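Visitor: Sharing a structure, written as C-alpha cells. Questions coming.
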Amino acid sequence: MWVTISRLGIIAAILVGIELAVSQGYVNKIFLASPSQIADEFTYMLRQNELLPQIMLTLQEALLGYAISAVVGIGIGVLFVTFPKLEALLTPFFSAIMAVPKTAVMPLLIVWFGIGFKSKVIMVFLFCMFTVLFNTVSGTKQTKVEHLKVAHVFKATRAQIVFKVLIPSALPGIFTGLRVTAATAITGVIFAEMTASKGGAGYLLSEAQAVLNTPKLYLVVIIVTLLSVLFVSIVNLAERIVFRHQRTI
C-alpha cells in the first residue's frame, strides 16, 4: 500500500513542480506545458469534438493492422514449422523485407494507396507482422520431441499435430511477439499519420507542431502513450486467460 501511495506522491510532486515552473516563467512555455494548460486543451478539444473522432480513427487503423498482422504472422509461422522446406525457401525473403526501413516504405504506400485508411493499416501490418512471425517460428521450435513422438504413435493427422501440439507449445513465443507488437502498432500508425494523413492522433501532432501549440502536443503524446499501455495490458490479460485455461484442461 505504501508503495502505491509513494508513487502517487512522486507523480503529484512532479506535476506541482511543472505547474509552478511554467506558471512562474522559469521554463519557456514553448518547451513545456503545465498540467493546467494540458487540462484546458483537453476540455477545449472535447467541446470542439476535435479529439475523440481522431483518436477513434487511430484506434481503428491500429487495431485492424495489428489483427491482420497477428493472423498472418501466426499462420505463416505455423506453416513454416509444418513445412521446413518452405521455411528454408522463404525466410531469406522475409528477413530482407523486414530489414527495409519503414520510413522508406511509407512514400510508396502513399503513392499506391493514398493518404487514407488503407496506407495506415498496411504500415501497422509491416511494423508488426514480422515480429509475430519469427516469434511464432521460434516458439513452435521449442516443442518437445516427446510430444511429437506421442502424437505420431497415436497416428495424429498433420492438422491435429499443428493445433494440439505445435500451437500450444508455441503460445509463450506467440504472446511475446503479440506483446512487443502491441506497442509497435501504435508507433506505426502514429508515424504513418504524421507522414501524410487526413486525420488521426498523428495528424493532431503534426498540426500542433506546425503552430507550436505545446499543450496540444503534450496532450496527444499522453493519450498515445495511454493507448500503447492499454494495448499491451489487453495482450497481457489475454495471455493470462489463455494460460489459465490451458492449466485447467
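Using N, Cα and C of the backbone, Cβ positions are placed for all residues, glycine too.
Sharing the record's features from TrEMBL:
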| type | residues | note |
| --- | --- | --- |
| DOMAIN | 55-239 | domain 'ABC transmembrane type-1' |
| TRANSMEM | 63-81 | transmembrane segment |
| TRANSMEM | 93-115 | transmembrane segment |
| TRANSMEM | 121-140 | transmembrane segment |
| TRANSMEM | 161-191 | transmembrane segment |
| TRANSMEM | 217-238 | transmembrane segment |
Visitor: When you check the transmembrane segment (121-140) against the transmembrane segment (217-238), do you get at least 3 Cβ pairs under 8 Å, counting only pairs 6 or more apart in sequence?
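Guide: Between the transmembrane segment (121-140) and the transmembrane segment (217-238), contact is absent.
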Visitor: Six or more residues out from either end of the transmembrane segment (93-115), which same-chain residues have a Cβ under 8 Å from its Cβ atoms?
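Guide: Distal contacts: 122-123, 126-127, 130, 133, 188, 191-192, 195-198.
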